[in-house]
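Taken from TrEMBL, the feature domain 'Major facilitator superfamily (MFS) profile' applies to 41-484. What TrEMBL lists as transmembrane segment is 40-59, 79-99, 106-125, 137-157, 169-191, 197-215, 289-310, 322-346, 367-388, 394-419, 431-450, 462-480.
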Amino acid sequence: MATTPIPPMKSSLELSPELDIEHMPVDDDPRAWSPFRKNVVLCLVASASMIAGLASNIQNPAIAEMEADLPATPSQISLSISLFIAIQGCMPLLWTAISEIKGRKIVYVASLAVFTAGSIVVSVSKTIQLVIGFRCVQAAGSSAVMAIGAATLADIFEPHERGTKVGIYYMAPLLGPSLAPIMGGVLTTGFNWRAPFWFLTIVSGSSCLAILLLFKDTFRKERSLTYQSVVKRRLRVAAESSATSTLVAEKDSDLEKGQTAVLPVVKLSLRDVNPFPPIWIVLRRMNNLVILFASGLMYAFNFVVVYTASRTLASAYGYDPLKVGLVLLSFGLGNLAGSIFGGRWSDMKLASLKAANGGVSQPEMRLRSTTLGLIMLPPCVLAFGWVSAKHVHISAMCVFLFFCGFFAIWAYTSTLAYIVDANTGRSSTVVACNSAFRGVAAFVMTEIAVPLQDAVGDGWSYTLWTGILIIDGLLVWIVVRKGAEWRAAAEARESADVD
């Protein structure tokens, strides 16, 4: 069996401050790359992640034409949208398991190729059943970059600069849902309902080719706890079944002690990409569970506000798809500004608290930067709801849409950065868990949004959202106060399990 030396593998508790899992010695360390090279990676991943936001909303202006041409019922069109959201949220659990064994690049290329193929089939479909099926294929393909992109940023950037970079990264996928109605409206008006999907085919194919040619993998197995768990399991299986069990057991012992060992090459298998063990480790930590729930609700709000506002603009204001898209752009611009300034503020706050703490930082310090967003978001949502309900001048809607987008993402970017910082060595797994939480939350809230809006109107439905977001802010603050304690207890438990 081929062998290759790998550096010592320890849990985050076992590692000394001088040699933690994030800073294990590796060849061609991505953290040591030039700023230009890192920013090229950031641009490639961010542009690819925008596809997910575009794909989820670009068909909305074409719904009427799709219903007439295929033909399709409103419930079938709704099913295609809801299934897209759910699958896009849950598929990263599989993609991320693969990325922690075989690296990021292969997942990016494969997932974008899947999305491109799905887009082609949707573009030429003659029945709604085929559209629904291959919209699901699109969802599976579009989901990987959104989930693993943040893990790639964790591969190349140090914790103190991640807030800013995550903020920049999230500009693209957050702007996508706001730009999609405009693009969908223009393409559908100029051509037909198939044009938006041909557009997605061209964009995703180009992104796939760019990553294939220009992206160098940032994954390093020495810094992945998931990869290391696979190696340990392989060693123990070999120890039980081979004549050289004593030698293999000694190597496994060296591994536990943090000594360099020569280990079998790990080849990908279905067993190795089982996502559930690392997911269970993530969800067993109370700080993760609470912040994932809070993050999921914030993401669901971002999705629901665009969906319900578009219905109000079409019905109460009589706007066509292009005008609806232009109004919703104000929410996207708010996302854009909140992502940039919120990410930058997050890094500044972390640096300030770290300096005040004698140069020692904790992941929970970053969450303190969410205070402004969490306080200001509920009143802005309440005001937007009643402005919509009273059908006041469109400029008021644009103003409050902007501030809703601004403060929602101001808080959201810090929660995502916290999730990565608090789970060293498992960045892609925890980001995939975040994707699943937000996908399920968006699916459920989207299904509830229309009946609720029809039953009580915009004013009371957004009043309910105001209460939900107040609770959401309290959950984040609980993690600020209790997160370090929960995290230490979880790490001690995990260390005892290993021993």
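Any Cβ shown, glycine's included, is placed from N, Cα and C.
Mean pLDDT for the domain 'Major facilitator superfamily (MFS) profile' (41-484) in the predicted structure: 81. Contact between the transmembrane segment (462-480) and the transmembrane segment (106-125) does not hold: fewer than three of their C-beta pairs are under 8 Å, each pair 6 or more apart in sequence. By the Cβ criterion (distance under 8 Å, sequence gap of 6 or more), the transmembrane segment (367-388) is not counted as touching the transmembrane segment (106-125), fewer than 3 such pairs being found.
The transmembrane segment (431-450) makes no contact with the transmembrane segment (197-215): fewer than 3 of their CB pairs lie within 8 A, with pairs spaced 6 or more apart in sequence.
Residues 61, 163-168, 170-171, 174-175, 177-186, 189, 302, 305-306, 309-310, 313-314, 366, 369, 372-373, 394, 397-399, 401-414, 417 of the same chain lie 6 or more positions beyond the ends of the transmembrane segment (322-346) yet place their CB under 8 Å from a CB of it. Beyond the ends of the transmembrane segment (289-310), by six or more residues, the same chain brings 56-57, 60, 85, 174, 177-178, 181, 283, 324, 327-328, 331, 335, 367, 381, 384, 388, 397, 401, 404-405, 408-409, 411-412, 415-416, 418-419, 422, 433-434, 437-438, 440-442, 444-446, 449-450, 453, 458, 461, 465, 468-469, 472, 475-476, 478-479, 483 to within a C-beta distance below 8 angstroms of the stretch. With a cut-off of 8 Å between Cβ atoms, the residues of this chain six or more beyond the transmembrane segment (169-191) that come close are 42, 45-47, 49-62, 65, 146, 149-150, 153, 199, 302-303, 306, 310, 320-322, 324-326, 328-329, 331-333, 335-336, 339-340, 343, 405, 409, 412-413, 416.
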